[in-house]
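Participant: One structure is given below, represented as structure tokens, and several questions about it will come after.
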Amino acid sequence: MVLTKYTPMMQQYLRIKAEVPDAFLFFRLGDFYEMFFDDALKASKELEITLTARGGNKEDKIPMCGVPYHSAAAYIEKLIDKGYKVALCEQTEDPKHAKGVVKREIVQMITPGTAVTTVNDRENHFLGSAVQLNGERYSIAYLDLSTGESKASVVESEDLLLQEMSLIKAKEIILPASVSEKLIGKFRDRGITSISKVEQEELFFDETLLSLLEGEEVKRGISLLLHYTTDTQKRALDHLQQTEQYEVSAYLQIDPNSKRNLELTENNRSGAKKGSLVWLLDETVTAMGSRQLKSWVERPLINQSDIKERLGLVESLKNHFFERESLRELLQNVYDLERLAGRVAFGSISPRDLVQLKKSLQQVPFIKEQLKEIPDNGLIKRADEMDACIDLADLLDAAIDDQAPITIKDGNFIKDGYSEELDQYKDASRNGKKWIAELEQKERSITGIKSLKIGYNRIFGYYIEITKANLTSLNDDRYERRQTLANAERYITPELKEKETLILEAEEKSVELEQQIFQVVREHVKQEIPRIQQLAKEISEIDVLQSFAFVSEKRHYVKPVFSKTKQLDIQEGRHPVIEKVMNMNEYVPNSCKMDKERSMLLITGPNMSGKSTFMRQIALISVMAQMGCFVPADYAELPVFDRIFTRIGAADDLVSGQSTFMVEMLEAKHALEHATDNSLILFDEIGRGTSTYDGMSLAQAIIEYVHDSIKAKTLFSTHYHELVELSSKLKRLKNIHVAAAEQDGKVVFLHKVKEGPADKSYGIHVAELAELPPSLINRANELLTLFEAEKEAGESREQMTLFDITEKTAVDESAVLKEIQELNVLEMTPMEAMNELYKLQKKAGKLLAESK
Ligand SMILES: Nc1ncnc2c1ncn2[C@@H]1O[C@H](COP(=O)(O)OP(=O)(O)OP(=O)(O)O)[C@@H](O)[C@H]1O
């Protein structure tokens, strides 16, 4: 592009735009942010705003569109939601002092992962990164810019990298410029579409932030991330907390598919939180607690003593109803400390935010006291360790007025008595105003005009107003006329103007001074950010623990115990979410026992009887126990699982275009590759997606493989009734079934799990329940009889073949003829007739073949 054909300002625009080719450049012009060229074409469509043109050159109009500065946030949010980036370009010098074009610079990049103003309080908003080390090893990290927390790890495979980034629901991923397109494609398949590449040359290394990390490798991912955030945010991010190192293997691992199957954080029909385990368990009071709870649900523990510690605290909170209720009340007044700290660092904290911070801090001593009322050393220790930041609360209490507004523009938020100088200005202004009020009274009585009033506006300042009707009573030269309105005149006096100057000066100075004081207070708070964050973490944990206690009591959950012999013994267990949706009394509880000698259960039973629900219930109870929550059962003794794998239901992977069956096989492969004898595997009707024998053979082979080589605790549901025979061959495999009863030709689901195999398939009855057309149901019944007959015939044919070899003469023509003659045709139903005919036809075919 030839720059010289453009005006100097457009040249400036193009220079800046070249720095951010992949972002919309919001170019500040007066009260608007303008976009030009392709940005304008695209933004006008995405934002549904009018596209205009600006005369660059006569033939060459420049496409342009803009959004008002004061409402820009909503437009930016819309673009970010769509996965775009926005670069904010502001005037960086006062136009009054500018020589030529006003200087402009990009002051901030807003990207899906760094947008912090519009985030949902109850969720984290993570920006992720990954740097390949060697082979399939990656240094990974993630950071929530709104709360300042970050984590880093080294993972040993690409699978784990993808798993972690899906788990945290990364809004954006930062990768080195050298990353392969293939990997980028894999992120896209998992719904992470916002991907930014960064040159790695000059890495940002803030040693204080990284000081908890061991070794250089783990620093690579987080460094890339910090480099990117500093670069895009263009400001000091003082609220960033020290990055914590974590090991994926320190938590119960549940791959993203399994997580979806189990509906831990969202239900898999609508993707909403409702209907998920988080939805059920989240009785937290604070937003930080809610985020913490979600992360506990996503990462259950595997260290038994950590799990037991949580369970112990939950137990104490559960057993102390009144203390817990008061605690919940106190927590109501605790605002989002983490996000408040974030706003302090970003410089976007308002006076009202500081009041919220103060009120939150003031609750802490009471929270500590309340915790200590419960006789539990763990809770008492936690209470003792909490730093209520009293100094900070006192400072804020002394400085900021409780009724503070949300902006600092007009002052009026610093408390009286905090600054002598400020008080003097305020006095001057108050005295002036008092003088004016007195003047009003005085002038009313002198002139005898009762409606005389003194008003104020920005243009004329203070004035005396007299309605036209009263003008006759006014001495002509008493005041100076200033303004004439339709039915009143406005006047001033020199004295009034003198006072006005005093008042306005005092007000201007006091607003300025208030703003200065605010900066000082804010800087002070900034210094204390780490303390606020520590407190936030402690309070959010208490909030999660009380939430677990609250739900456990309400829903009659029990404290699980962990088995030394790795046995699983759940008595009268329930599926927590279905039970809640259904109503406690309707749900049929079921027990489950598994141990080394009984490590695999093959579940049969009609469709809709509750096989999947039973399997999910076992997994959910285990997950809940390992996150430190009580469980829906009368008694639960559990092993500590290292991983949980589920293959449940038809999860078409439409995004990557794989068929249901392929997805099924990939998930099975994943489980077979990674499961250990400490894992839990749930396989729901594996092999269903292919032809009967094909599917059945695969199912059997998978069962044998798990039984002989993996030895993980496994629940396997199937429609292949033939598989129930396997229990005689595989010694750790046992049959169980979900019982159903038939009543008047209809199936009644009992939802009760029993030992042994199911005896009948009730598929057609279920179809009948679903009210398929009656003629179709009749036809299905006919076909069933036919197929059963065919199978029988097949079996007798096999027997016949055997027979044929030994006694060649057994099937001869006369025998078949005799069979035909003996048929009692009039007594037969059409179905029976057809079956008989079918058998005879087969025999005839055989005879003909033999006679050749
Ligand atoms: N223990 C139970 N108590 C009460 N209702 C239950 C129970 N278990 C399952 N149900 C109900 O039965 C419905 C079907 O359960 P589920 O999907 O587990 O059956 P399934 O045997 O796996 O079916 P399919 O073979 O068709 O996949 C559930 O939606 C639930 O409403």
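In case you wondered, yes, glycine gets a Cβ from its N, Cα and C as well.
Automated prediction, rather than curation, is the source of TrEMBL annotations.
Residues or ranges marked as coiled coil by TrEMBL: 496-523. Taken from TrEMBL, the feature ATP binding site covers Gly605, Pro606, Asn607, Met608, Ser609, Gly610, Lys611, Ser612. TrEMBL lists 679-695 with the feature domain 'DNA mismatch repair proteins mutS family'.
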Participant: Residues with Cβ closer than 8 Å to the Cβ of Lys611 (ATP binding site), same chain and 6+ apart in sequence?
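Facilitator: Non-local contacts for Lys611 (ATP binding site): Ile603, Thr604, Gly605, Asp684, Ser717, Val738.
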Participant: With every protein chain in view, how many other Cβ atoms are within 10 Å of the Cβ of Gly605 (ATP binding site)?
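Facilitator: Taking all protein chains shown, Gly605 (ATP binding site) has 29 Cβ neighbours within 10 Å.
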Participant: List, in sequence order, the residues of the same chain other than Gly605, Pro606, Asn607, Met608, Ser609, Gly610, Lys611, Ser612 whose Cβ lies within 8 Å of the centroid of the Cβ atoms of the recorded ATP site.
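Facilitator: After dropping the recorded site residues, what remains is Ser717, Val738, Ala740, Phe749.
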Participant: Within 10 Å of the Cβ of Ser609 (ATP binding site), how many other Cβ atoms can be counted across all chains shown?
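Facilitator: Excluding its own Cβ, Ser609 (ATP binding site) sees 25 Cβ atoms within 10 Å.
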Participant: Does DSSP put Ser609 (ATP binding site) in a helix, in a strand, or in coil?
Facilitator: coil
Participant: Specify the count of other C-beta atoms within 10 Å of the C-beta of Pro606 (ATP binding site).
Facilitator: 22
Participant: Taking 10 A as the limit, how many CB atoms besides its own sit near the CB of Asn607 (ATP binding site)?
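Facilitator: The Cβ of Asn607 (ATP binding site) has 18 Cβ neighbours within 10 Å.
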Participant: Within 10 angstroms of the C-beta of Met608 (ATP binding site), what count of other C-beta atoms is obtained when all protein chains are considered?
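Facilitator: The Cβ of Met608 (ATP binding site) has 19 Cβ neighbours within 10 Å.
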